[in-house]
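Trainee: First the structure, then my questions, so here it is.
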Amino acid sequence: MAARLLLRACALNSQQLRRNVAVRPFHRAMGIPTDDEQATGLERRTLEALKQGKDPYSILKPKHYTGTKEDPHIVPSINNKRLVGCLCEEDNTAIVWFWLHDGDAQRCPSCGSHYKLVHHELPH
Ligand SMILES: [Zn+2]
């Protein structure tokens, strides 16, 4: 099941979710269960969360942040700190590592991009 979920996750985006909804009447008429109807366990929880606009397992492409003070890079964490690696410029081969702590947004010591830690609950 994990491999099937991974394959779906790689191909999944909001357009495909909408298309799945559009295909549902056809599947129902043919007696074929849809992905939503036959999913169980972790796969079902993930599909239900995606419909609510949530991404509890971080399977979708991350949102792009500008890294400014008004739009900092959001870093989810289950702890009160997290190690962050900043590729300051696109072609850099060296990564600047620093600890991001809970509280106000912090800046990368090299390029000055803003990062903010946000508490994240792991789904069970
Ligand atoms: Zn940086």
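Cβ coordinates are placed from backbone N, Cα and C, and glycine is handled just like the others.
Look at TrEMBL and you will find CYS86, CYS88, CYS108, CYS111 tagged as Zn(2+) binding site. Marked as N6-acetyllysine by TrEMBL: LYS63, LYS81, LYS116.
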Trainee: Per residue, counting other C-beta atoms within 10 angstroms of the C-beta, which of the modified residues LYS63, LYS81 reaches the highest number?
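Mentor: By the 10 Å Cβ neighbour count, LYS81 comes out on top.
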Trainee: To see if you understand the setup: which same-chain residues, six or more apart in sequence, place their Cβ under 8 Å from that of CYS111 (Zn(2+) binding site)?
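Mentor: Correct list: CYS86, CYS88, GLU89, VAL96.
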Trainee: Could you name the residues, excluding CYS86, CYS88, CYS108, CYS111, of the same chain that surround the Zn(2+) site, i.e. Cβ within 8 Å of the Cβ centre of those residues, in sequence order?
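Mentor: Counting only non-site residues, the set is LEU87, GLU89, VAL96, PRO109, SER110, GLY112, SER113.
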Trainee: Return the members of LYS81, CYS111, LYS116 (the recorded positions) with CB less than 6 angstroms from at least one atom of ligand 1, or none.
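Mentor: Passing the 6 Å Cβ check against ligand 1: CYS111.
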Trainee: My understanding is the cutoff is Cβ-Cβ under 8 Å with a sequence separation of 6 or more in the same chain; which residues meet that for CYS108 (Zn(2+) binding site)?
Mentor: VAL84, CYS86, CYS88, VAL96, PHE98, TYR115
Trainee: Pop the Cα-Cα gap between LYS63 (N6-acetyllysine) and LYS81 (N6-acetyllysine) into the table, whole Å please.
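Mentor: Taking the Cα atoms only, LYS81 (N6-acetyllysine) lies 21 Å from LYS63 (N6-acetyllysine).
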Trainee: Using a 10 Å radius around each Cβ and counting other Cβ atoms from all shown chains, which of the binding-site residues CYS86, CYS88 yields the largest count?
Mentor: CYS86
Trainee: Could you tell me which three-state DSSP class LYS116 (N6-acetyllysine) falls into?
Mentor: strand
Trainee: Taking the Cα atoms as reference points, how far is LYS116 (N6-acetyllysine) from LYS63 (N6-acetyllysine) in Å?
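Mentor: Per the Cα atoms, LYS116 (N6-acetyllysine) and LYS63 (N6-acetyllysine) stand 14 Å apart.
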Trainee: Look up CYS88 (Zn(2+) binding site) in the DSSP assignment and report helix, strand or coil.
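Mentor: Looking at the DSSP assignment, CYS88 (Zn(2+) binding site) belongs to neither helix nor strand, so coil.
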